[in-house]
Amino acid sequence: MSFHLYQLNELYSNTDGSIQFVELTVGPFNGESFWLGQSITATQGGTTHSYTFPSNLTSTATANHKVLLATQGFADLGLVTPDFIIPAQFLFTGSGSVNFAGVSSVSYASLPTDGSLSLDADGSSGVNSPTNFSGTTGTVTPTPTNNAPTGGVSISGTPALGQTLTATNTLADADGLGAISYQWKADGNTIIGATSTTLLLTEVQLGTAITVTASYTDGHGTAESASSTATSLVSGSLTGSSGDDTLNGGAGNDTLTGGAGNDTLDGKGGSDIAVFSNNLAGYTVMRNGGTYTVTDKTAADGTDTATNVESLRFADFTVNLTVQDVIATASQVDVQHIMELYVAFFNRIPDADGLSYWIGQRSGGQSISQISESFYAAGTSAQYSGLTGFSTSMSNVDFINVFYKNVLGRPDGADSDGLAYWNSKLADGSSTRSSLAQDILASAHTFKGDATWGFVADLLDNKIAAANTIAGDWGLNYNTDAYTHGVTIAAAVTATSIAGAIELVGISAADIRL
């Protein structure tokens, strides 16, 4: 009994070496079944894989019989039962050689790894045909390599109640692009029936982020899909009837209009606005905890309650309901400094939204000096220069005189001593125009009670008092021409009273309590 007449016949490997086989063949010779303890090796450079046969062949009738060595990955295909199981990656797919028990060897530059072809002992390649000792033959059919789709899916349109979103795609697939279907989702949850290229947004989607997934089956039968990025949260405008309504917003930015009747408005998440048809003076606004009660004095709009709403919009004003909470996060000194910058560079009373914004910038790390630089840049910009009287091209003397006229109530400008002092600070670089404004304001406050110039400090204090009332206590923003209104109100402030300024606003302190 022997083994030495068996010769290497066919070598096969897939790309990752998980499916491999080695086929040996013998001519018309029996008795070639003594394989126990013999070895087969695969070598690449200085690395050798070795397998030792654990048993003999099952019969001495070996004439014209083949022997199949294969990996478990091959065996799992169920095509042909291997006679022996060799380790995965036994064969080297690059340059290598195989030696069977010192009696047969094959060297190669590379093995075919396309999943279909194998290498014959003579160096030729052809479709694989593994055969085991019992004579069973099969063929490994390669699993197509899937190519992922390229391109993507996008959504156009405004994510707002009543708007229509549209899905488009730029998908391509090397395996073939099948018919594309769409599925819309809200916060990742399937919207039942939403399978067209468009989606009309309803109240159900308020406050959710919308995505769309495009799906198809490629030319190899593989299911493929690609999803869009999410939209911003769906916002909406909800309008009530002539009766009593309950309007609930979503997590997005919503606009709630109750109309006539006694309405319950809940903005839920986001930044929400409740809308009322007439001027603010025609209503009372009262706060009780987190609920605002808005009562129409004529009863036309009824009495509405609003929760989780950040603004109340009337025909003339929008009331910022969060400004007091923002003010509470800052020091009173910083709040006063910011109000004074409105007076310094614009000679106006701040609106609540602007005040809230700049307090937020201060809380976010900007210094008062940095904020002052921003005010100076805005006040001298092309948009506002004609209104403020400040410009970057004006002389330092003119800058100081305009500041005295507009801010300090000095119609003739600076006195000679004051002009010389402040001009020297600008000339020697110890102050910039933005920092000089802070210096002059601070100096003006030191004259409080002075027989000659005390009115300047009183005037500044009263402008801040008016700002506190209008922007802070009442949270007011003019819906139109806010700049002119702010200047007019500031001009009505005197060193002895803010009553004239408050009268211009046209509402009573008794009617608005935030």
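Each position is counted from 1, following the chain as shown.
Every residue gets a Cβ built from N, Cα and C, even glycine.
The feature compositional bias 'Low complexity' is assigned by TrEMBL to 221-247. Within its own chain, the compositional bias 'Low complexity' (221-247) has Cβ neighbours under 8 Å at 146, 148-149, 151-155, 159-162, 165, 167, 169, 171, 173, 175, 186, 201, 203, 205-215, 253-266, 269-270, 302, counting only residues six or more beyond its boundaries.
Under the heading domain 'DUF4214', TrEMBL lists 391-444.
Nonlocal intrachain contacts for the region 'Disordered' (121-152), taken as residues 6+ away from its ends with a CB within less than 8 angstroms of a stretch CB, comprise 7-10, 12, 14, 19, 21, 23, 57-59, 65-68, 70, 74, 77, 79-83, 104, 106, 108, 112, 114-115, 169-175, 177, 218, 220, 222, 224, 226, 228. Look at TrEMBL and you will find 121-152 (among others) tagged as region 'Disordered'.
According to TrEMBL, the region 'Disordered' annotation covers 221-255 (among others).
Residue counts of the compositional bias 'Low complexity' (221-247) by helix, strand and coil are 0 helix, 12 strand, 15 coil (DSSP-based).
A mean pLDDT of 89 is what the model gives for the domain 'DUF4214' (391-444).
For the domain 'DUF4214' (391-444), residue counts in helix, strand and coil come to 36 helix, 0 strand, 18 coil, using DSSP.
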